[in-house]
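J.: Pulled these features from TrEMBL for this protein:
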TRANSMEM  A:12-34  transmembrane segment
DOMAIN    A:74-281  domain 'ABC transmembrane type-1'
TRANSMEM  A:81-100  transmembrane segment
TRANSMEM  A:112-130  transmembrane segment
TRANSMEM  A:142-161  transmembrane segment
TRANSMEM  A:182-204  transmembrane segment
TRANSMEM  A:262-281  transmembrane segment
Amino acid sequence: MILDRFGDHIFRFIVYSILILVLLVTFLPFWNILVLSLNSAEDTVRGGVYFWPRVLTLDSYNQILKDSEIMSGLWVTVKRTVVGAPLSVLVITMLAYPLSRRNLVGRKGWNLYFVFTMYFGGGLIPYYMVLKALNMIDTFSVFILPSLMNVFYMIIVRTFMEQLPGEIEESARVDGANDLTIFFRIVLPLTTPVLATVGLFQAIGHWNSWFDSYAFTYSSDLKTLQAVLVKILSQFQTGGMVSQTQMLANSAKRNAVSSDTIRMAATMVATLPIILVYPFLQKYFVKGMTLGAVKS
Amino acid sequence: MYKASAVKLAGGNSLWNRLKEQKWLFVLMLPAFIATLLFSYGPMFGMYMAFTNYQPGGGTFLHQFFGAEFVGFKWLEYFFTTGDFYRIMRNTLATSLLTLLFGFPAPIILALMLNEARQGFFKRFVQTVSYLPHFISWVIAANIVITMLASDGMFNNLLVLLGIVKEPVAFLQNGPLFWWIIALSNMWKEMGFSAIMYLAAISAVNPELYEAARVDGASRFRQMWHITLPALRPTIVILGILAVGGILNAGFEQQYLLQNNTVLEYSEVIDIYAYKYGLQNSMFSYGAAVGMFKSVVAFILVVIVNRISRKVNDQALF
C-alpha cells in the first residue's frame with residue numbers, strides 16, 4: 001500500500017512535468033515573437049532577447065502601418081473573411097438540413113456524392129485548370145467560391161440537426177409551413193450554436209489561407225496578408241543564409257534589420273485576431289469536433 | 001432502418017410525388033451540389049489531361065483540353081523512370097513516417113496526462129494554450145519555427161546554455177535534419193487539438209470502473225494503463241486509419257514554407273514537385289500525372305486500411 005502511494009506520487013510528478021513542458025513549448029514561442037516585435041530592431045541584432053523586450057518600442061508596428069503592401073493584404077484578408085465565412089456557412093447549412101431528413105429521396109446517394117470528395121481529389125493542376133476555365137484566376141471570387149463547401153463541417157451541422165427534437169418541425173408542418181419556412185424559421189435558429197462554431201472555423205480558414213492568393217492571383221491588390229507574409233518570409237530565408245554579424249557589417253544593414261522586425265510584427269498582427277476570437281471559439285469547438293468525429 | 005421509415009413517412013406515394021413534395025429540399029441543396037460538382041468533381045474529370053499532351057494557348061479552353069494529343073501513360077512512365085521519383089518518394093515517405101511516429105502518439109499521451117491532472121485552472125490553461133498552434137497558419141508557424149531555430153534563436157541558446165552543444169546548430173540548413181524538423185513542428189502544431197478527440201473518448205468512460213480498480217488497490221498508473229487506454233482503442237484505430245491513408249499527404253505548406261536552398265534535396269515532397277512542374281514550369285500534363293498518382297495511391301491506401309481494420313477490429317470509416 002505504502003509503496004503504491006509512493007508510486008502514485010512519482011506518477012503525478014511525471015504527469016505534471018510533461019504538462020508543464022507542453023505548456024512551455026507551446027507558449028514560449030508566441031511570447032518570444034511578441035517580445036521581439038516590441039524590441040527595437042537595432043538592439044535585437046545584438047541577440048539575447050527572449051523573455052522581455054530590452055529596448056521597448058512600437059517602431060515595427062508603426063512601420064507596418066506605413067507599409068502599403070501589408071495594409072492592402074490586411075484589407076483583402078478582412079474582406080474575404082467577412083464575405084466568405086457567412087456565405088459558406090449558409091451553403092453548408094442549406095445542404096446539411098436536407099441530408100439530415102431521413103425521408104429525403106436518394107439520401108444515401110447524396111451523402112456518397114459529397115463524402116466521396118473527402119477521400120479522392122483531382123489534384124492541384126486539374127484544379128487550377130478548372131479555375132482557369134471558369135475565368136476565376138486573378139479574381140476575388142477565387143477566394144470565395146471554391147471554399148463555399150466543406151464536407152467535414154457539413155457533417156458536424158448535419159449531426160447536430162439530426163439530434164433536434166422532431167416534434168417542433170412536425171407541429172409547424174401541421175400548421176402548413178413548407179420545408180423552406182421550416183428551415184429558415186425553425187431549424188436555422190435552433191442550429192445557431194453549431195453555426196457559430198463552423199462560421200468561426202471557416203473564418204479562421206479564410207484568415208489563414210495563403211496558397212490560393214499566392215498561386216492563383218497575380219495582382220498585388222489581391223494578395224492576402226498571409227501571402228504578403230510568405231513574401232517577407234522568403235526574403236528572410238535568403239537573407240538568413242548570412243550570419244547576423246555579417247549582416248551588421250553589410251551595407252544593406254538597415255534593410256535587413258528592419259525586414260526582420262517587420263516579420264515579427266506582421267506575424268503578431270496576423271496572429272492577434274485569432275487569439276482574440278479564441279475564447280469565443282473554444283466554448284464550441286470541443287463539442288463540434290467530438291460530434292463530427294463520432295459520425296465520420 | 002431508414003428505408004422502412006422513409007416509406008412510411010412518404011405515405012406510400014410514388015417517387016414523383018415524393019420528389020415534388022421535397023422540391024424545396026432540393027433547391028436548398030443546389031448551391032452545395034454545384035460547388036462540389038465544379039470544384040471537387042471538375043478536377044477529377046480534369047485528370048484526363050494527365051493522359052494527354054496539353055498545350056495552353058490558341059482556341060477556347062475546352063478546345064485545348066479535349067483537342068490535346070492523347071499520349072496514354074507516357075507522363076506516368078516518365079515520372080517513374082526519372083531520377084526524381086526515388087528522391088521525391090523518399091522525402092515524402094520519410095517526412096510522413098516521422099510525422100506519424102511523433103505526431104500520432106503525442107496527442108494520446110497528452111490526453112492521458114491531462115486526464116490525470118486535477119480539474120482546475122492549470123489543466124484548463126494547459127489545454128487552451130496547447131490548442132492555439134492549430135489555429136494559426138503554417139505561414140505564421142513557419143515564422144515561429146524559423147525564429148526559434150535560428151542560430152541566435154531561443155532553442156539554440158538553450159542548448160548552448162545547457163552544454164548540450166558547444167556552437168549553435170544550423171538546424172534549418174541541414175538536409176536530413178529537415179525531416180525531423182517537419183515532423184516535430186507538426187507535432188507541436190497539432191498535438192493539443194488532436195488530443196480533443198481522445199479526451200472526449202476518455203470522458204465517456206464509466207467512473208465505476210475506476211472506483212472498482214481503486215478498491216482492488218490499483219495504482220494511478222495501472223488505472224490509466226488498464227482502463228483509460230483500452231477505452232481509447234476505437235478512437236486510436238479510426239484516427240490510425242486516417243493517418244495511414246494519408247501517408248502520401250506528407251504536406252505541402254510546412255515543407256514549402258520552411259525550406260531554403262540548402263535543403264531542397266530533402267524538402268521536395270510529391271505535392272511540391274507537382275506544383276513546381278505543373279504550375280511554375282507549365283508542364284501541366286506532367287504535373288497532373290504526378291498529382292493523379294498521389295490521389296489514386298492515397299485512395300487505395302484508405303480503402304485497404306479500412307478493410308483490414310474492419311476485419312481485425314470491427315472498426316471502419318465507411
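Cβ coordinates are placed from backbone N, Cα and C, and glycine is handled just like the others.
Looking at the shown structure, what environment does each listed feature sit in?
T.: Counting only same-chain residues 6+ beyond the ends of the transmembrane segment (A:12-34), those with a CB under 8 A from a CB of the stretch are 50-51, 264, 267-268, 271.
The list of residues near the transmembrane segment (A:81-100) in space but at least 6 beyond its ends in sequence, with Cβ under 8 angstroms from a Cβ of it, reads 107, 110-111, 114, 143-144, 147-150, 153-154, 157-158, 161-162, 183, 187-188, 191, 195, 198-200, 202-203, 205-207.
Among residues of the same chain six or more beyond the transmembrane segment (A:182-204), those with a C-beta under 8 A of the stretch's C-beta atoms are 81, 84-86, 88-89, 92-94, 97, 147, 150, 153, 156-157, 160-161, 164, 168-169, 172-173, 274, 277, 280-281, 284-285, 287-288, 291.
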J.: With a Cβ cut-off under 8 Å, give me the same-chain residues at least six positions beyond the ends of the transmembrane segment (A:112-130) that come close to it.
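T.: For the transmembrane segment (A:112-130), the far contacts come to 95, 99, 137, 149, 151-152, 154-155, 215-216, 296.
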